[in-house]
Amino acid sequence: MPGALALGLTLGVSVLALLALFGWRDTGADWSVLNDQWFWRVVRFSLWQALLSAGLSVAFAIPVARAFALDSSLPGRQWFLRWCLLCFVMPSLVLITGMVVLFGRSGLLTPWLGSAWNLYGLSGILLAHVFLNLPFAVRVFSFQWQAIPDTAWKVAVQFNLTAWQRFKLVEWPALRGVLPATFGFIFLLCFNSFAVVLALGGGPRGTTIEVAIYQALKYNFNPSEALMLAATQLIVAGGLFAVFSRLGRLTWLAPASNTAGWLPAYRGVQRWLGRVAYMLCCCFLLAPIAALIPVALRAQLSALPWVDLSRGMAYSLAFAGGSALLAVCLALGMLAVWRHQVGKWRRRLVESAALHHLVIPGMVLSVGLYIFFMPIINWRQWGWVAIVVLNAMIALPFVFSQLKPGMFDYDANYRRLSADLGLCGWALWGRVVLPFLWPALQRALAISFVLALGDFAVFGIFGADQWRTLPWLIYALSGSYRLAEAALASLLLLALSFVALTFLEKQRRYARE
């Protein structure tokens, strides 16, 4: 029964959102927008900025990941991988505030960038997207290098291969398998980006489909246009996901190992070039956050919006906690259905139901549900329910993917024993299955909590001033040129994310021990 409810809720949300795309008060989507040059300019810019962002992130990540994997004497290796994970899931508004402090019109580094520099536009979008996605690519590639068997390195040394031959014959085959999938995943993330483009787009020329949907619904209140844009977003993102999902699977939440097996000598010019790349990457990833500290210290305590800060933190924690718990409950329910299916194709159907929110962008779900229920629900009063549910749906694929290997191991080792003992219901799940899955459950809760904590897009559709979260408070403070207060709120939001991810890493280490 719980599994059927989880499956029904997950699919029901998507079905209702998609139904709205094909009909709203007998009008439906406004497809005449396809004849507007503005529409095609938005689509081209969305694809172009995603292409550049993904290409730059992957290109810069390769030398950094290679240095990290092959140079075991690099300082701060363990903290670097943890920081990479935090940067990847970091709330976008924290980064945006740091970027404004560094590269804005009165930024600390702006005088050295020339008069032609402008943060607001394609350059700012690329800078922010590379910051958010470079760490992801570094983690993926470094795990691939670390997975190369010791025997491969030893054979390369025995045959006296040059550095180029070793890269071509040993390292490149390990990296080649994940390059297309990594590029495709980052491309999709940047294509569906909302907060970065909204804050740093700089006007109509820097508008993507996600931002155009938000403007059509919240500024112009044109539901038909919003539905058409959402349908376009779904078609493009879904098609790209269908292509990129066939290119391989990625490992980025694997244990952050600080140990290495047998490695060949890594010395000379390539070693120092690798160290330079590593240090430049560290500076790039630390600079926007470090820049927030002196600005936040300039904030006058008496002028701080303490009530707004406390309320924003309370609502952020409540929404993120509720979304994380709901995502875990839905994943467990769907795993209960998944494990009882006979045959690969049935299991794949259940797995596809759990992962299909990777295909449907959060903005599409938000707009579809908003318009579908708009005639019968007062979203100003009940929008918080949609915020919790939709953030749970967005986190569900990550949670399901984290819990599925543990459930598979349990079934392989203990399922028959549990059946022989006659365990079922709460006696089975509460006393056996959940304790077995506990390390994975803690990791899933932490990652889904951080993802929901930084939500900006879903709140942009359903949010209201009476339950404003920290990300939207930061956006409001930055928009009113209260940069010191925005920096302080950003550091508070970052601290909450850091605590959750530190908890994730500790639980992973305890599980290994």
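Positions of Cβ are set from backbone N, Cα and C atoms, glycine also.
Summarising the annotation, TrEMBL assigns domain 'ABC transmembrane type-1' to 43-245 (among others).
Panel annotation: around the transmembrane segment (47-68), residues 74, 77, 80-81, 122, 125-126, 129-130, 133-134, 136-142, 144-145, 171, 175, 179, 182-184, 186-188, 190-191, 193, 197, 208, 236, 271, 273-275, 277-278, 281 of the same chain, lying at least six beyond its termini, place a Cβ under 8 Å from a Cβ of the stretch. What TrEMBL records for 47-68 (among others) is transmembrane segment.
Residues or ranges marked as transmembrane segment in TrEMBL: 80-104 (among others).
Under 8 Å from some Cβ of the transmembrane segment (116-138) lie the Cβ atoms of residues 49, 52-54, 56-58, 60-61, 64-65, 68, 83-85, 87-88, 90, 92, 95-96, 99-100, 103-105, 107, 110, 182, 185-186, 189-190, 193, 196-197, 200-203, 205-206, 252, 281, 284-285, 288, all in the same chain and six or more residues away from its ends. According to TrEMBL, the transmembrane segment annotation covers 116-138 (among others).
What TrEMBL lists as transmembrane segment is 178-200 (among others). Within the same chain, residues 46-47, 49-51, 53-55, 57-58, 92-93, 95-96, 99, 119-121, 124-125, 128-129, 132-133, 136-137, 140-141, 144, 206-208, 210-211, 214, 233, 236-237, 240-241, 243-245, 247-250, 361-363, 456-457, 460, 471, 475, 478 sit at least 6 positions outside the transmembrane segment (178-200) and bring their C-beta atoms closer than 8 Å to a C-beta of that stretch.
Tertiary proximity for the transmembrane segment (226-244) is limited to same-chain residues at least six positions away from its ends with a CB under 8 Å from its CB atoms, namely 18, 20-21, 24, 28-31, 33-34, 43, 46-47, 180-181, 184-185, 187-188, 191-192, 209-210, 212-213, 216-217, 358-361, 363-364, 367-368, 371. Residues annotated as transmembrane segment in TrEMBL: 226-244 (among others).
Within the chain carrying the transmembrane segment (276-297), a Cβ under 8 angstroms from the stretch's Cβ atoms is held by residues 60, 63-64, 67-68, 71, 74, 76, 80, 83-84, 87, 94-95, 97-99, 101-102, 108, 131, 134-135, 138, 483-484, 487-488, 490-491, 494, all 6 or more beyond its ends. Look at TrEMBL and you will find 276-297 (among others) tagged as transmembrane segment.
Annotation comment: TrEMBL describes 313-505 (among others) as domain 'ABC transmembrane type-1'.
Here TrEMBL flags 317-338 (among others) as transmembrane segment.
Non-local neighbours of the transmembrane segment (358-376) in the same chain are 13-14, 16-21, 24-25, 192, 194, 210, 213-214, 217, 223, 226-227, 230-231, 233-234, 237-238, 241-242, 386, 390, 393-394, 397, 457-458, 460-462; each lies 6+ residues outside the stretch with a CB under 8 Å from one of its CB atoms. Residues or ranges marked as transmembrane segment by TrEMBL: 358-376 (among others).
Annotation source TrEMBL lists transmembrane segment at 382-400 (among others).
Residues annotated as transmembrane segment in TrEMBL: 444-462 (among others). The list of residues near the transmembrane segment (444-462) in space but at least 6 beyond its ends in sequence, with Cβ under 8 angstroms from a Cβ of it, reads 89-94, 194-195, 198, 210, 214, 217-218, 253, 316-317, 319-321, 323-325, 327-328, 331, 362-363, 366-367, 370, 379, 383-384, 386-387, 390-392, 394-395, 398-399, 402-403, 469-472, 475, 493, 496-497, 500-501, 503-504, 507.
The transmembrane segment annotation in TrEMBL covers 483-504 (among others). Long-range contacts of the transmembrane segment (483-504) within its own chain (CB-CB distance under 8 A, at least 6 residues past either end) are made by residues 82, 85-86, 89-91, 93-94, 97-98, 100-101, 289, 292-293, 295-296, 298-300, 303-305, 309, 312-313, 316-317, 442-443, 446-447, 449-450, 453-454, 470-471, 473-474, 477.
Distant neighbours of the transmembrane segment (382-400): 9-10, 13-14, 319-320, 322-324, 326-328, 330-331, 334-335, 351, 354-355, 357-358, 362, 365-366, 369-370, 444, 447-448, 451-452, 455, 458-459, 461-464, 467; these residues of the same chain sit at least 6 beyond its ends, with a Cβ under 8 Å from one of its Cβ atoms.
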